[in-house]
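The next block holds one structure in the form of structure tokens; read it before the comments.
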Amino acid sequence: MVKENETFPCDLILLSSNRGDGTCHVTTASLDGESSHKTHYAVQDTKGFHTEEDIDRLHATIECEQPQPDLYKFVGRMNVYSDLSDPVVRPLGSENLLLRGATLKNTEKIFGVAIYTGMETKMALNYQSKSQKRSAVEKSMNVFLIVYLCILISKALINTVLKYVWQSKPFQDEPWYNQKTQSERQRNLFLRAFTDFLAFMVLFNYIIPVSMYVTVEMQKFFGSYFITWDEEMFDEEAGEGPLVNTSDLNEELGQVEYVFTDKTGTLTENNMEFKECCVEGHVYVPHVICNGQVLPDSSGIDMIDSSPGVSGREREELFFRALCLCHTVQVKDDDNVDGPRKSPDSGKSCVYISASPDEVALVEGVQRLGFTYLRLKDNYMEILNRDNDIERFELLEILSFDSVRRRMSVIVKSATGEIYLFCKGADSSIFPRVIEGKVDQIRSRVERNAVEGLRTLCVAYKRLIPEEYEGICKLLQAAKVALQDREKKLAEAYEQIEKDLILLGATAVEDRLQEKAADTIEALQKAGIKVWVLTGDKMETAAATCYACKLFRRNTQLLELTTKKIEEQSLHDVLFELSKTVLRYSGSLTRDNFSGLSTDLQDYGLIIDGAALSLIMKPREDGSSGNYRELFLEICRNCSAVLCCRMAPLQKAQIVKLIKFSREHPITLAIGDGANDVSMILEAHVGIGVIGKEGRQAARNSDYAIPKFKHLKKMLLVHGHFYYIRISELVQYFFYKNVCFIFPQFLYQFFCGFSQQTLYDTAYLTLYNISFTSLPILLYSLMEQHVSIDMLKRDPSLYRDIAKNALLRWRVFIYWTFLGVFDALVFFFGAYFMFENTTVTSNGQIFGNWTFGTLVFTVMVFTVTLKLALDTHYWTWINHFVIWGSLLFYIVFSLLWGGIVWPFLNYQRMYYVFIQMLSSGPAWLSIILLITVSLLPDVLKKVLCRQLWPTATERTQNTSRQLQDRISEFTSLASLRSPSYQNNDLTSPSAIEPSSHSEKVMLTFWNNKEYLVLPPIFGLSKNYCSSSSRHYYHGSSLETPV
């Protein structure tokens, strides 16, 4: 037994409920994200069992299929045994199955029997195991580290081999003052070589940037706070801000190529609103605004032509009755209902509940037009008409909605004995079955509403004579009790019944998009990101939303890969036909690989449903290892947008996995708000949960959580962009400065007989990565902004510059490595040649090896720090403090380290070395000269590349810099004050205010041309100049270039 508001602990067959008709209502928000109420039905023979004693007396067996993950499919049967007769066989379908994770609503209690438990439940079969996520930058770091490990081993091997080649001559390594003992000479050669190899490994091990991993973790941890501190991503309405559940994937936000988004609650607010209805060509809008006045409780305002005549009035009322009767809405007379909304504009507190929010919106909308649906009691539907009279209709049959038919019907009997079939559905499924009615007028209105992104439905009817109804009953009964191909037989029966209809009209309902959802998707597409919508909703609903949020555009040609299409043709034929369509012009025209948006090529959008996806994912019948996945992926690559509807949670994860492991291995991001989205959030490289109405499961299982879908734009285009730029520079810089550090040590071995003598003092070896060069790069990786935030939001295409891990490719890595080698050669040989010619100081002392090493180290510290300063675009006082402070700290430390005799040291080899070096003029000259020569190639490369082959980011930097320069040229001129200053020539009212004397130059746009409006200064008249070519501002012999 399960009580109201409790969650079902396993998959149950509904035996009975406290309701007389054996129905119950459930919400499945944790399964498919839909918060609306769904109706389930008890088995016919057991719905009268209302106590535990009744259930105990039941003797029955259930046969059902093996556990399947499909939430919307179930096939089984129940054999009910009695003492007197053979068992009664009742078919079981998904309408009898209560799924684990769903919640009982609007029903006091139910009795059920468990069929799937534990990991066999449909909810458990849709679980996705949590995997360890690692960013592309982290993978690149590890690969680069292996390269440097190979370089380390190579250096140690080369030095070891060369040492023994050099020592091959007798007594080569035995100077007269340091001869070897007899035991040392007789020592095993291989053991000596191995010992020397390990010694060289220890000497050169600093090339492995161990401190880089520490710095990267610090950068990720501190950098993640920039998201949580972002005030623009705080939602005032919900009182929520963004959450960072893991900081390991910050830079991955700047590499996203595919976004997989849920629809309900993520793109939309899941809040339907009835907008209008069209009856016989006349449009009715509840609460219509006429001449700026709101007309409440309007019985219908004719928006096109004059009000309908007498016959039109009958059709109008029949249309409203159809909307009141053709639905599965339930009514609860209680204000305290979880989820559904109270009916507006009515004194009654009736609350509508339905599996579809559309149906609730339609019933509420028609209530505002004068017809109120009251309740369903004892199989009679009651409605209140415009005259406040209650009309009762007996509900005879419900032909329920399915995604293939795309319509639903009810057969009702009025109080006068007339039998009606009311049918509502998508225009494509209603119009072909209509034989009468104003089809053209209604079709044009439907098309207009569809273009505006409204969800449209058409309504039709026909009268049935009693003999015709009896035939329909027999046809339906035969289909319902069939155990084999039940769905197919029901579909054939529905097809025969729903024909020869008379068209009444159409409705338009708006599922409100979240604020700026369309702008966000448009920006993501401009940034080169492909957006896929994965939803459990039906196809028409999802397609309408995709049009509204600009995923599909007016010129988008929609391609369908749905169950209906596959029933008409084989899957093989459909796939090859679609492939031929999208690849028709691929030989002559190229599609934008990043955005999927075409220039000359036809813009395609693909729609696929869950059943079709299952067929694609299944191996071919001929047993071949390949299947249709590659062909499906090829079609998807050439479509600008893809919509996947009727998706189970596990299928969403399968789609993400399919793209994730495709040939290109793109970076994927999944975003959703419900528990049904958890599987795809866990599967994608980056998972983002929307803190919405569907609970916190998505937010808890995600890597990041945001209050609204619109915040995804800033998270990717700004935060993701900055994170990637910063950490990629950090990684490359660490490898570069370690090459600069250790390569001179490698070269030094050629001049010291491969004796493992260190070039630098021990203190310098220890503090190089810890103190002298660590803080500047850490601060850079936290604060660098190579382009302003506003520019990144304004121009999403800048995101493409960093796509595909652009800044950590092999070409860039090799450039940084060779730059480090070049700088190391300059440090070492520059100092070497300087020492060769000037080995004596002014007081006659000779420079030693520690002075040589200190000179190399000094040049190196200054060069790597200034290299970072050259790469910094965004200067703050913190950058200045850290960069110049690091250099100052090195100088102060060296003076102290060499200026005091430290009693705790066994050696005093650095005493007075640094001060002695600085007392030499040639040392100063060589430091300045070597730093300049070291930085020159990088500066030249930057200048040439920026001028000859600028990236979009560099062009943006140049533009913004030029704009700032132009404004600064005029600012000083415009802010001058003088007694002779006159502003009488200004014609605008705002310009004649006293404060306008310090007015700065304004940038104005007129007719797509940019103008500079300059305030008159020293009696100059107001002038305008176009920026389309080089012009000048003339006046009073002043000429300023613009």
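Cβ from N, Cα, C; glycine included.
If you check TrEMBL, you get these features:
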ACT_SITE  ASP262  active site, 4-aspartylphosphate intermediate
BINDING   ASP262, THR264, ASP673, ASP677  Mg(2+) binding site
BINDING   ASP262, LYS263, THR264, GLU359, PHE401, LYS424, ARG455, THR535, GLY536, ASP537, ARG646, LYS652, ASN676, ASP677  ATP binding site
DOMAIN    699-951  domain 'P-type ATPase C-terminal'
TRANSMEM  143-166  transmembrane segment
TRANSMEM  197-216  transmembrane segment
TRANSMEM  813-835  transmembrane segment
TRANSMEM  847-869  transmembrane segment
TRANSMEM  881-905  transmembrane segment
TRANSMEM  911-936  transmembrane segment
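As a whole-number mean, the pLDDT of the domain 'P-type ATPase C-terminal' (699-951) in this prediction is 87. Taking CA atoms as the reference points, GLY536 (ATP binding site) and ASP677 (Mg(2+) binding site) are 10 Å apart. For the pair PHE401 (ATP binding site) and THR264 (Mg(2+) binding site), the C-alpha distance works out to 19 angstrom. Within 10 Å of the C-beta of PHE401 (ATP binding site) there are 18 other C-beta atoms, taking all protein chains into account.
Taking ASP262 (active site, 4-aspartylphosphate intermediate) as the reference point, the binding-site residues whose C-alpha atoms are within 10 Å of its C-alpha, out of ARG455, ARG646, ASP673, ASP677, are ASP673, ASP677.
There are 24 other Cβ atoms within 10 Å of the Cβ belonging to ARG455 (ATP binding site). For ARG455 (ATP binding site), the nearest neighbour among the listed binding-site residues (THR264, ASP673, ASP677), judged by C-alpha distance, is THR264.
Taking the Cα atom of each, ASP677 (Mg(2+) binding site) and ARG646 (ATP binding site) are about 13 angstrom apart. Once the Cα atoms of ASP262, LYS263, THR264, GLU359, PHE401, LYS424, ARG455, THR535, GLY536, ASP537, ARG646, LYS652, ASN676, ASP677, the listed binders of ATP, are compared pairwise, the greatest separation found is 31 Å. On a Cα basis, THR264 (Mg(2+) binding site) lies 12 Å away from ARG646 (ATP binding site). Between the recorded positions ASP262, GLY536, ARG646, ASN676, ASP677, the minimum number of other C-beta atoms within 10 Å of a residue's C-beta occurs at ARG646. A gap of 11 Å separates the Cα atoms of ASN676 (ATP binding site) and THR264 (Mg(2+) binding site).
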